[in-house]
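Below is one structure; the comments refer to it alone.
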């Protein structure tokens with residue numbers, strides 16, 4: 001008997017993935033090369049007017065032959081990609097000569113991809129929705145990591161929760177609360193896992209809420225009579241900013257007017273984890289106005305009121321690792337610090353109307369700077385685009401002084417790429433979510449705007465704009481009308497069942513039904529009762545003297561009660577007038 005054993009077929013997955021990747025790269029390079037070549041030749045023809053010879057050269061050397069059938073399909077591709085070059089420029093001549101001599105598309109593809117790809121097309125601003133937070137400034141914005149929920153906080157003390165998947169076209173918040181009572185909201189941020197929210201307000205105690213707004217922990221308040229802030233367990237003055245650690249989900253950071261930057265653990269609300277104390281060049285205390293972690297969580301940066309930016313190693317809180325003393329004008333509030341996604345540069349938004357970008361390894365001088373960006377709020381921020389190539393910030397305006405704008409700068413050259421007129425008020429907060437590819441903006445007139453593009457953006461605002469407003473339920477409308485039946489007359493009406501809780505509250509106010517005991521005597525005595533000062537004869541005499549013998553009946557009857565006795569035995573009035 002012979003058994004045939006078949007060997008199982010094996011697959012080399014790495015080789016298959018590599019082959020697929022190479023095919024995709026070659027195909028994309030070919031398509032991009034064709035599009036780039038047509039756009040460059042169209043531009044060259046415009047600049048130099050080479051005439052029919054260039055067109056014949058294009059059909060001879062180009063990788064794709066244009067026919068009459070696909071003219072309509074290529075109309076959209078015949079646009080010049082990138083900024084227009086001046087006619088007869090050296091760069092233009094170089095690349096047209098290279099193409100004519102060698103017929104090579106690679107140089108066109110690489111140059112177009114590296115230098116002339118238009119970054120403005122990546123900005124998702126074709127559509128917008130407006131969320132009405134209130135009437136006062138929206139000073140805080142937060143999006144969870146998945147982009148499903150947005151939270152807004154303002155100068156009206158309110159924090160509102162918006163659920164993109166649960167909202168319809170009416171754009172109403174599903175929850176509103178005041179977690180810090182009568183304190184303005186300074187900062188809101190979801191943790192890295194999205195399960196808790198850090199709330200930083202104008203008081204000295206930061207709070208942590210869960211996703212539905214219920215309190216999880218509250219930082220302890222420090223002892224304001226201790227001079228050395230290291231020995232206090234918490235902040236003793238108003239908070240300015242705060243943020244979560246990007247890697248450790250239980251740790252967060254806050255800075256305060258008490259001159260300290262503190263790290264906290266959600267599981268320990270009794271004491272901070274560590275304290276960082278920024279100092280001036282003379283060694284004096286300075287107030288940090290903003291703070292943040294680096295992208296890997298190893299560094300802690302703080303912008304201070306003396307215009308300095310100070311950076312510490314997270315595990316060494318005594319001396320700064322990097323610092324720049326004159327980063328911004330002294331006496332102005334640096335309102336935002338943010339690290340790029342690659343972690344190599346730091347952007348700062350100053351109260352001196354500037355936006356700067358720094359290489360922390362060469363921290364004496366900014367890489368680039370932009371000025372003329374007014375900022376009236378201590379929380380005006382800036383952010384990087386998801387591809388890390390664009391930097392965004394907002395500007396402030398006075399009432400009736402124009403429109404607040406959102407400015408987009410190219411990170412490498414700091415050239416202004418684009419601007420959006422948001423509203424006739426200041427633009428305070430801006431947030432560009434990397435997963436949704438949508439831009440959230442908080443303004444000075446109580447609006448939160450969301451900019452998106454139906455093609456480039458994902459989920460978020462796209463989910464709620466397509467939903468129609470919910471109709472009122474029929475049961476809700478019927479409750480407004482009254483149907484009178486014969487049995488509704490008072491003589492036939494059954495006694496309405498009253499709420500037990502309301503009845504108990506009324507009984508509680510009735511001293512007879514609630515058997516309220518007599519309150520203790522306070523003061524000199526009232527109603528015939530005198531406070532006891534000991535069982536003595538004097539206290540007994542005082543009690544009897546102070547007895548209230550007033551008659552609460554009709555005063556006329558009380559007087560006439562003595563009329564007969566006064567007439568029979570006059571003693572006071574009649575003898576005086578006898579003579």
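Cβ coordinates come from backbone N, Cα and C, glycine included.
All annotation found in TrEMBL is predicted automatically rather than curated by experts.
Here is what TrEMBL records for this protein:
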- 65-80: compositional bias 'Acidic residues' (COMPBIAS)
- 495-518: compositional bias 'Basic and acidic residues' (COMPBIAS)
- 53-85: region 'Disordered' (REGION)
- 495-529: region 'Disordered' (REGION)
- 131-163: repeat 'WD' (REPEAT)
- 232-274: repeat 'WD' (REPEAT)
- 293-313: repeat 'WD' (REPEAT)
- 327-361: repeat 'WD' (REPEAT)
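Here the repeat 'WD' (131-163) has a mean pLDDT of 93 out of 100.
In the compositional bias 'Basic and acidic residues' (495-518), helix, strand and coil residues by DSSP number 10 helix, 0 strand, 14 coil. According to DSSP, the secondary structure content of the repeat 'WD' (232-274) in residues is 0 helix, 19 strand, 24 coil. Under DSSP, residues within the repeat 'WD' (293-313) fall into helix, strand and coil as 0 helix, 12 strand, 9 coil.
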